[in-house]
Amino acid sequence: MLRSLSTAFCLVGLTVAQTFQAEAGTLIGVTTGTATSGYNGAGYVTGFDADADTVTVWPWITQAGSYSLTIRYSAPYGEKKTTILVNSATSGELTLPSCTGWCTISAGTITMPTGSVGVGLKSNWGYYDVDEFTIAYTGSGTGTGTGTVTSSPIDGSATAGAKALLKYMQKIYGSYYLSGQQDPASLLWVTQNVGKTPAILGSDFIEYSPSRVANGATSTAVEDAIAWDARGGINTFVWHWNAPTGLINTSGKEWWRGFYTDSTTFDVAAALNEGTSGTNYKLLLRDIDAIAVQIKRLSDANVPILFRPLHEPEGAWFWWGAKGSAAFKTLWSLVYTRLVNYHGLHNMVWVCNTADSNWYPGNSYCDIATVDIYTSAGDHSAQSSQYNALKTLTGGSRVIALAEVGVVPDPDLMTSGGAPWAYWVTWAGDFVSGGSYNSLSFLKTVYNHAKVITLDELGSWKSTT
Ligand SMILES: *[C@@H]1O[C@H](CO)[C@@H](O)[C@H](O)[C@H]1NC(C)=O
């Protein structure tokens, strides 16, 4: 995610209610009727008079979890009962109060897996008619909790600061949630408007990319991070790596959009295939070396960072993910070995950023496993299904966190949902201060929550052992 260039990465399912006409579903022992006026669509389903009689509609579910189900029905012969089915399994009984004409009733919450899911009503008492099913996402179900995580840094020569940072994360993981905010200006907004200061500052190496520096870009991100460290805060860095070359630079594909696949002709797979003597391969190294200079400045100032390069790879909207997972993984390995082994930089806690097993660099390359989630405004659910996916991916052996969010997860839902993300970092600008993705009153509640750690509560995390 970058500033207003938003919402490219979206993991949400049916957040907006969707209605399915019963008569368009699969009918077993029942038929379509039109005699009772006022139905929606082409008719309604009628003739529930035998035990097996069933109507099933088929929503396509992209996010597993809890959904509200509402039924539009008619029960002209008095109150009836029906049985709710999810993929043919009984999911509760629903009482349909007496209703001439058409009524709607909440059927409560159903839990659905991903894919094409059959949501049905089966006869039970029968003698009612069904017009519509309405389904809306309400939450992501129950996560699988934490368990203790004690992994050593993947960099065997990690500095004392990097070791302490990872240890601190492991220590709070499962019990507390670290608050985070991208961009110093947005972090200041939180302090001034919410009245608390986040524990984590999110920064970006973007403007140190050589193809931006060549166009006059400058940055104070490193100075800001050093100052933040001096205040006792935790630093995380992403790198919107502007492509080394091949910037298209036409309207809508300007040079400064050069981290997007659509704004560069740079082919990462071809560059890596060139081998070490290739022109484009050397440009990759030139760029990594430029970032190494900045990481060294942080290291020299004894500042450890949560380092999250090559983020959101599977989306393919960034050039490092545009040529498949094999090229991506090769590049990840190159970034790691160049910074750690060649430049001897050991102040990084390595943060991976995918829940897709095809793209996960592997536990040997990741200290912390994260995803970025942008849900619709006001959806503060715990995102348990994504949490569970990361837990499965890492075998439960890595701290799991939300590297970017548009909407802050509710700490109570994280706890009750078994999805204790170690930290979240809210993206900058409108996401935090616009009042829509997160209301100010919600942010105040979160930032004052007993389980949410803010800057003043961090203590001497650098001496965690
Ligand atoms: C990009 O295009 C603009 C407008 O045509 C031009 O002024 C600028 O020099 C170009 N920059 C690069 C890096 O090509």
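We number each residue from 1, going along the chain as drawn.
Glycine too: its Cβ is placed from the backbone N, Cα and C atoms.
Note that TrEMBL annotation is computational and uncurated.
Per TrEMBL, the feature active site, proton donor maps to E312. Annotated active site, nucleophile per TrEMBL: E404, in sequence order. The feature domain 'CBM6' is assigned by TrEMBL to 18-136. What TrEMBL records for 160-456 is domain 'GH26'. Per TrEMBL, signal peptide is recorded for 1-17.
Take the active-site residues E312, E404: by the count of other Cβ atoms within 10 Å of each Cβ, the lowest one is E312. DSSP labels the residues of the domain 'CBM6' (18-136) in these numbers: 3 helix, 73 strand, 43 coil. Taken residue by residue with DSSP, the residue listed as 'active site, proton donor' is part of neither helix nor strand, so it is coil. Across the domain 'CBM6' (18-136), the model assigns an average pLDDT of 90.
Looking at E312 (active site, proton donor) and E404 (active site, nucleophile), their Cα atoms lie 10 Å from each other.
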